[in-house]
Amino acid sequence: DCLKFGWKCNPRNDKCCSGLKCGSNHNWCKLHI
């Protein structure tokens, strides 16, 4: 299962959904541009 937009995440183990990226400075899934 992947982490959805706005969900807390770990930038060293990015499990955000496709099209999202874990931001290393705020630790939540944001849009990957």
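Each position is counted from 1, following the chain as shown.
Heads up, the Cβ atoms here are built off N, Cα and C, so glycines get one too.
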Can you sort out which of C2, C16 is the disulfide partner Swiss-Prot gives for C29? C16
Candidates C9, C17 - disulfide partner of C22 as recorded in Swiss-Prot: C9
Look at each of the recorded positions, C2, C9, C22, I33, and point out the one with the fewest other Cβ atoms around it within 10 Å. I33
